Amino acid sequence: MANITKKVSWSSRADESGATAEGTRLLNGSEPRRLIQFSEGRSLFQIGRLSTVDLEEEMMSEEQESLRGRPKEIPHNEKLLSLKYESLDYDNIENQLFLEEERRMGYMNFRCLEISRWVVCGLIGFLTGLIACVIDIVVEQLAGIKYQVVKKLQEPGWVVASLNGLKLKELLPSHSMVRQIQTHCSETVDPPIAAGSGIPQIKCYLNGVKIPRVVRLKTLLVKVFGVICSVVGGLAVGKEGPMIHSGAVVAAGVSQGRSTSLKRDFNYIFEYFRRDTEKRDFVSAGAAAGVSAAFGAPIGGVLFSLEEGASFWNQMLTWRIFFASMISTFTLNFFLSIYHNKPGDLSNPGLINFGRFENNSQSVAYNLYEIPFFIAMGAIGGLLGALFNILNYWLTIFRIRYVHRPCLQVMEAMLVAAVTATVAFTMIYFSNDCQPLSSEHAEEYPLQLFCADGEYNSMATAFFNTPEKSVRSLFHNQPRTYNPLTLGLFTLTYFLLACWTYGLAVSAGVFIPSLLIGAAWGRLCGILLASSGSMWADPGKYALIGAAAQLGGIVRMTLSLTVIMVEATGNVTYGLPIMLVLMTAKIVGDYFVEGLYDIHIKLQSVPFLHWEAPGTSHWLTAREVMSSPVTCLNKIEKVGTIVDTLSNTSTNHNGFPVVVQVTGGDEPAKLCGLILRSQLIVLLKHKVFVELARSRLTQRKLQLKDFRDAYPRFPPIQSIHVSQDERECMMDLTEFMNPTPYTVPQETSLPRVFKLFRALGLRHLVVVDEENRDSKVVGLVTRKDLARYHLGKHGLEELQLAQT
């Protein structure tokens, strides 16, 4: 197999001779010269129109070197997509083996399977809630220890040194573990799979893209340990985002009944669920359980999975996901109540507790004339979110190009930790915002530092409290608790620090930093309105609106985020203002740049499919989108031909139409089925050859269990040994192929093809020359074929110009 490496390369980049670099091959052999033409005169902020990722393939032999000049399969490739991402086989393969197994199962077997699904979802919710509880307790204990250490070292000469020492002490273990799993599991140029929040990767998985190593046990262990160290280390990060990734990993592991990392197989427990169809459904439940554990929002978790997943959910699946979310919230509540010596007091629904916004005062309730102020704050959140995403985009480009080595990534993480501590100390030193210490304030770790006795430093408290507690204090502290200058400086510095921190090779999320930034400038808006004589302008209320606006401006989530915020605040009265704010932030932010997660997905060149096809794509048909020519296999095919087809490094096909030749005529072969690469590899491994079956008196018939045992890590074709005599044998694909693949005529419009992929979770769509399925196969549409055409704003106009 060719060694695929990835680097950032601008489309207009040329070598010294003025031509594009020789040997740099784009996906499916498209011409780099055309991309140079497209990149001239563009706005750099239109992420959808940038060709930022190039694929460089190191050839391993002279034979592979000669493949560079092979014929181009798709000459209209405008998007650069990574070859390492493949689609999930969500569609059931209804071959003879599958149908025979389904027929043998009685009514009770199906009922037991349904009960097993509910049991698995319950286990997912329980384990996810337990992991969230462990993270919360450990973070709280370590934060208390750090607070006591800093409190003893409050002399000016020791504070900054102690801050830097504590941050580096907590950060380095996190970064070391993240880099360790990266070194052992993937190329050094790729971003560590355990770094960041993991939400972009889970979004891609729910979208139908198989992300390497995203749901492994090693990833979960590093994610949990890393997020604890990152949060306690004082970086501008949160622990709520990684919970979504953690829940997804738990779901993927529990549902399979075995662990490939631990090399343990628990016999036949949940063996039926070892396929992409079931695994992806359970990962949806795990992601929802993670949202529920993070924010105490079970309904928001369900809507998150629904918003990021596919539209082919059924009612029972939705109920199972909701069940997992409720179990996760209950588990976290129960164990935290025991930890706080209040057994049975279920008052901690999630890792972050906003506190309840009660309508028992006129200042907390909002009025109709405040809605324009809320919408204006939503616009501000959209602008600040767009600025955040643009800055983070260029930082990510810089990291991919120059900070891709492990040693450089460690140095960057240390630099960020040191700068964060130094900036915090500088802000505290020059701040004179000293507040009287009383029982009315919600700070858990107040620091006196440079204030008089009986007072605490608001700036120090904002930096030293955990981000969750800082958000809560901004929501619920009494008016005049914070100085406007303190809030303004804190917003500016934390905004820049959070932007720099997101993307480091450490486990961290962006949810809480976004909420904290928005709560700070939102409370500032409330203070300014109140100072103008507006008695109804409660700072805590406007802190909530600002938090929603900032988070919506960065991540661009609407439906699920609205429900999450409503559930987290415990007050449905704010549902309408939050919805209007999030919609405004998304509209304003989308005018400049995409959401943060979408940007990182594009930078990784993932073939991500949005909900709808581009609005003006009806003039495109399946003939212009499909890959052609297509490698087809005969119904009874020669083993040598199959081995050569799978070993051909010039193609990356994972599905092959199966055709049958019409005897006694010159008509082309007719389509009779579709078979996957993974199926062919299992058949070759077990040597399911016609001649061997005839020569043996008894032979064990291949079953679906043999395919499930190989799932999900099917062996590469290079590991399958086939002798020269076996190459001359024949293989009958009739029993194993999918006899009813989805087909469309070549004149089908692109929006219709797009809807079939998104609604049915397809991986391959066969294109025929006529409407009936017995026609000649003329092409094959895959996810990557469709992803090329979703170019973003004005992308279709450029495509039409290129074709003319």
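Quick reminder: no glycine exception, Cβ is built from N, Cα and C everywhere.
TrEMBL annotations:
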COMPBIAS  1-12  compositional bias 'Polar residues'
REGION    1-25  region 'Disordered'
TRANSMEM  115-139  transmembrane segment
TRANSMEM  282-305  transmembrane segment
TRANSMEM  317-339  transmembrane segment
TRANSMEM  371-395  transmembrane segment
TRANSMEM  407-430  transmembrane segment
TRANSMEM  494-521  transmembrane segment
TRANSMEM  542-566  transmembrane segment
TRANSMEM  572-593  transmembrane segment
DOMAIN    737-798  domain 'CBS'
Quick test of the contact rule: Cβ under 8 Å, at least six residues beyond the ends. What residues does that give for the transmembrane segment (282-305)?
120-121, 124-125, 128-129, 131-132, 202, 205-206, 215, 239-241, 243-252, 254-255, 273, 317-318, 320-322, 324-329, 331-332, 348-353, 511, 557, 559-561, 563-564, 567-568
State the residues, same chain only, that lie 6 or more residues beyond the ends of the transmembrane segment (317-339) and have a CB under 8 A from a CB inside it; answer 'none' if no residue qualifies.
117-118, 121-122, 124-126, 128-130, 132-133, 136-137, 247, 251, 281, 284-286, 288-293, 296, 298-299, 301-302, 305-306, 345-351
Would you mind listing the long-range same-chain contacts of the transmembrane segment (542-566), meaning Cβ under 8 Å and 6+ residues beyond its ends?
291, 295, 297, 299-300, 303-304, 306-307, 354, 357, 373-374, 377-378, 380-386, 388-389, 471, 474-475, 510-511, 514-523, 525-526, 529, 572, 574-575, 577-579, 581-586, 588-590, 594-598
Looking at the transmembrane segment (572-593) and the transmembrane segment (115-139), are there 3+ C-beta pairs under 8 A, with each pair at least 6 apart in sequence?
no
Where else in the chain does the transmembrane segment (494-521) make close Cβ contacts, counting only residues six or more beyond its ends and a cut-off under 8 Å?
171, 174-175, 178-179, 182, 191-192, 194-199, 222-227, 229-231, 235-242, 294, 352, 380-381, 384-385, 388, 391-392, 395-396, 399, 409-410, 412-413, 416, 419-420, 423, 462, 467-468, 470-471, 474-475, 487-488, 543-544, 546-551, 554-555, 596, 600
Under 8 Å between C-beta atoms and at least six residues away from its ends: which parts of the chain pack against the transmembrane segment (371-395)?
45, 47, 495, 498-500, 502-503, 514, 517-518, 521-522, 525, 529, 542, 545-546, 548-556, 576-577, 580-589, 591-596, 599, 603
Across the domain 'CBS' (737-798), what does the pLDDT come to on average, as a whole number?
80
